[in-house]
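Taken from TrEMBL as is:
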type	residues	note
BINDING	Asn89, Gly90, Met91, Val92	FAD binding site
DOMAIN	79-102	domain 'Glucose-methanol-choline oxidoreductase N-terminal'
DOMAIN	251-265	domain 'Glucose-methanol-choline oxidoreductase N-terminal'
Amino acid sequence: MSDFDYIVVGAGSAGCVLANRLTENPCIKVLLLEEGTEGDSWLIRMPKGNGKTLVSPKYTAFCPTTHRSASGSEMWVRGKMLGGSGSINGMVWVRGQPEDFDHIASLGNSGWAWSDMAPYFKKLEDHALGESDLRGVNGPIKVTTHPSSKLGDAFINAGVGLGLKKKPDLNVLKQEGIGYLSMNMDRFGRRSSALHGFLKPARNRPNLKIVTGIRIDRLILQDRRVLGVSGLKDRQPIEYRTHGEVILSSGSLATPRILQLSGIGPGGHLTSCGVPVLLDSPSVGHNLREHFLLTLNYRLKSWTHSQNRCFAGIGLAKSVAEYFFLGRGPLCNSSYAAGAFVRSSSDVNRADGQLMFAPWARDGWPRMFGAYPGMNVFSYQLRPTSQGSVLIESADPSKPVRISPNYLSTQVDRDISVSLIRYLRKLMKCRPIADFVVGETQETVWAQSDDEVVKIFLERGMSGYHNCGTAAMGQGSCAVIDERLRVRGLDGLRVADMSIFPELLSGNTNAPTMAMAWRAADMFIEDRKGAAT
């Protein structure tokens, strides 16, 4: 079957947006392929349901990395259903900084500056705070602000005491500041994702076909033109062909895997894996970037402001009843309540660190909640310079890729990460948050020198699940794709997921993924019209 104009591989946040926008034209036929299941359930819609979905193989794929922490090999997680990781994430809604996009454009990627992207962020939103120059209303994604609390107010006001500006909306042009977080959630306490905002409204269109439970392994090529894709469904080989284009939207881990298994990637490495080289593209799978965070748990003076008892036993039963029967309670909101964007030193001209606060504490992930009244805070460097890789190790598509995060491999990353922990500890000693706190718990409090902080980062730190860069756009032969998201050296193949961004954006990446995909869909339609004239 080859009557499709586009085959979209991956139904995560980007794929859902692409499927919706491309099929708005009834003359354009789209096939959307997803490795996972339909996946939608009340656990997905419940904001804190991700406490269960993130550790469930029903909803989540677990990807081992080469990073060894104190608890063993670090696992990265990916959503394994329609909606992808946007169906299991923490729902923190951050656009990034205008400078991020302007810098990407300055690398030769015209069409990706802030002035190009800002309208798409606005079109995405149906924001509870109302319309402004930046915020949107009547868009497909509901955006609300986390409700206030005494403990959250204390965290925010402690930051104000350090000179941070309190902001009712952190998604402003000058990101530096502190306040309650925006969430992609509706006012009824339900996750608002690309699945619900984009794919579900489009799925009954006759020009959209959705296939789940299919693992795409390779591209079908002829004379450097991509004709379709092949893989497995129900353990049987299957292929789909297109007379138009294939769009990889499988994410920063799976997109380079498909390219490399197809013979597109670093030639020497592919040869060593037994894969015939069709296109020597040395940057495929390299330039992996990831946010690397360290959580500090704090013991509170009383149980009044901690949610640690709300997620187990009788406390959990009460929380579930409140959610379903009263539409309120701790399960109604995202895991993290407040946050800040800060400068690690006076020498930098814009925020380079992100802090987050939550009214609960647990000993790492996915360990149990502490048997004490606790809260946690974490920090990560917004734009790390350390680069890792995602590389196949065999021509066998059933074998996992080798994910090498290479955290804190540059001195600048180590210095900024240490500075952010010092800033966080300083904030936690400021009133009024200090009035609520007994102190930092023993798991991390011992790490005081710079070397000790780096050591504990590597032992107890974790991925922010915001990876990018493994099929980056740019100019020159080393760039994987061009500014129109076409894979260089091939016809009929594009990429539209976080792998296209050559550097990390300043904050959580789900909102930028959707904005990018909407922008990409418009580009593809423009190019289609241009080719027809």
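Cβ from N, Cα, C; glycine included.
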Item to complete: Count, for each of the binding-site residues Met91, Val92, the other C-beta atoms lying within 10 angstroms of its own C-beta, and report the residue with the smallest count.
Response: Val92
Fill in: Local Cβ density at Gly90 (FAD binding site) - other Cβ atoms counted within 10 Å
20
Worksheet entry | Segment confidence, the domain 'Glucose-methanol-choline oxidoreductase N-terminal' (251-265), expressed as mean pLDDT | 99
Worksheet item: Relative to the mean position of the Cβ atoms of Asn89, Gly90, Met91, Val92, the recorded FAD site, which additional same-chain residues have Cβ within 8 Å?
Response: Asn50, Trp93, Met183, Asn184, Ser334, Ser335, Tyr336, Asn508, Asn510
Worksheet, complete the sentence: Counting across all protein chains, other CB atoms within 10 angstroms of the CB of Asn89 (FAD binding site) number 25
Discussion item. Based on DSSP, tally up the residues of the domain 'Glucose-methanol-choline oxidoreductase N-terminal' (251-265) by helix, strand and coil.
Written reply: 11 helix, 2 strand, 2 coil
